[in-house]
Structure formats: C-alpha cells, structure tokens
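Q: Heads up, here are the entries from TrEMBL:
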DOMAIN    11-278  domain 'Major facilitator superfamily (MFS) profile'
TRANSMEM  12-32  transmembrane segment
TRANSMEM  44-64  transmembrane segment
TRANSMEM  76-94  transmembrane segment
TRANSMEM  100-119  transmembrane segment
TRANSMEM  140-159  transmembrane segment
TRANSMEM  165-186  transmembrane segment
Amino acid sequence: MSVKKHRYAATASTVYFSYFMMGIGMSLLAQFKPQFASLWHSSISEVLSVVSAVGIGGIVSILITGPISDHFGRRASAVIGHLLWAIYYIGLLYAPNFAVAYIIGILGGIANSFLNASNFPALMEIFSESASVAGLMSKFAINIGQFCLPLAILLGTALDSGYRTVFMLAEILYIVMALILAFSPYPDQVTGPKKQEKAKHDFKPVANFYAAGELVGGANGKDSMPSMMNSWSYASGFVAGTAAADNANNYAVDVITSASHAPAPKPEATSGAIHYHC
C-alpha cells in the first residue's frame, strides 16, 4: 500500500462501511412494516409512503448537497450526512404519528444525498490511480449490505432483540462513523478540468449479482422467507440498475466529449463549377 493510501486508510474504510450501511438501510424499514404501522397508529401503506419519502428527500436536496460538498469540503458533507442518518433511525422509533415519520423519511433522503455528494468523490480522490476499481467496490459494498440484511434480521429474531435494537444499533454506528470521519484526513479536492473527467467503470460483474440474488432468493422455494427473497432480489436489482445508469451516463459523457474535440470538417475545394450532389 502506498503512503497516500495508507494515510487515508481510515477514511476509505469508513466510507466503504458507510456504503455497506447504505445497503442495509435501503430496505430495513420495509422489513418491519407491521411494527411501525402499530407504532405510528397508521397503516402498512403509510409505512411504505415513509419509505418512498427517502427518495423524495434525495431528489429535492440533490441540487444543494453537491455545491455544499464542493464549497465546504467532503468531510463536512460526510459528517452532516452521517448525523442526519442517525437522526433518521432514532427519529423513526420515536415518531408519534405518520406525519412526523414522513418528515423524518425526507430527512433520511437528504442524508443520503449528502453522503452521495461526499463519499464517492472522496474515493475518487483517494484512489485517483484506480478510480474505476474504487467505484466498483462502492457498489459491491452496497450489495453486500443488502445481502446481509436478512441475516441480521434473523439474528435479531433469534435473540429476541426486536426491531428497536436494530434501529438503535444503526443510529450508534452512524454516529461513530461521523466522529471517525470528522477527525480523519481527506485528500485535496480535485478542481478545474480534471473534475469533469468521469472514471470509466466496468460494472458487468455487478450485474451477475442480480442473477445470483435471484438464484439464492428462490433456491430454497417454500422454505425461504418472503422478506429475505425480496431483499436479495431488490438488493441485486438496485445495484444492477445503478450500474446501468452509471454506464449510460459515462457513455453520454464520452459522446459529448468526443463531439467537442472532433476536428471541424474541411470545406470542399471547388474550381468555380457548380457541383450537384444527389
């Protein structure tokens, strides 16, 4: 390991663990729909609305989290994002009703947007010489988190710890990650033309996880828990979809870049005669 990578080892490890927790959090609330419906005195459909509120929060905040990360630094954005995730997990447990829970769901989406604006750029700046591999590993960490979610739920059920323990543990982990990143070194931010260069990723191996998730989720047939099968399927499908979106975005950037650097066509030399092209 180079001196640079060794210096940022704690930062990179925490960022990857953050991606792992992101994979768990994507469907954690959906695994306890009846419990939260009873907790908020609402219906299961309203619990699912809170799940969708996370996506809404990410959309409405995407235009501000990026500039904040660029202006105040990756560390500030990462700390804010992790603390907001901690508030999200503890807030869901103590929300008195559906309306408050919905607002907390939007807060979780904002937290996710802050992490997207800090984690991935930080990895690209730490592993500047192997950015494609670093990007691939971030998707891999999300996928591993999704695959571990059903196992964590089974463990919590076996220990009679309940869903509250799972959410409180997630809150503690996000606070710990915020503290680690607050005092961990970050590389200098990339600015200027280099910032516009996109790392080219080959996510074909990630797509294989979708097929693997379908096989694992459906291999046990009637003996499998539906929630486990859904988690594996949704997890692998999410990563495969993210990979496809990234590939499409990179392709569009390549096309635009190639067009902007293409030489202008040379005018045809004429001898005064009129040429007709059919």
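Please read every residue number as a count from 1 along the shown chain.
The backbone N, Cα and C atoms fix where each Cβ goes, and this holds for glycine too.
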Q: Among 12-32, 44-64, 100-119, 140-159, 165-186, which stretch has the most Cβ pairs under 8 Å to the transmembrane segment (76-94)?
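A: Highest pair count goes to 100-119.
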Q: Are there at least 3 C-beta pairs under 8 angstroms linking the transmembrane segment (100-119) and the transmembrane segment (165-186), leaving out pairs fewer than 6 apart in sequence?
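A: In this chain the transmembrane segment (165-186) does not contact the transmembrane segment (100-119) - fewer than 3 Cβ pairs sit under 8 Å.
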Q: When each of 12-32, 44-64, 100-119 is checked against the transmembrane segment (140-159) for Cβ pairs under 8 Å, which one has the most?
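A: Looking only at 12-32, 44-64, 100-119, the most contacts with the transmembrane segment (140-159) come from 12-32.
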Q: Quick test of the contact rule: Cβ under 8 Å, at least six residues beyond the ends. What residues does that give for the transmembrane segment (12-32)?
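A: Beyond its ends, the transmembrane segment (12-32) has Cβ neighbours at 5, 47-48, 50-51, 78, 82, 85, 89, 92, 108, 112, 115, 119, 122-123, 126-127, 137-138, 141-149, 152-153, 163, 166-167, 170, 173-174, 177, 180-181, 184, 227, 230-231, 234-235, 238.
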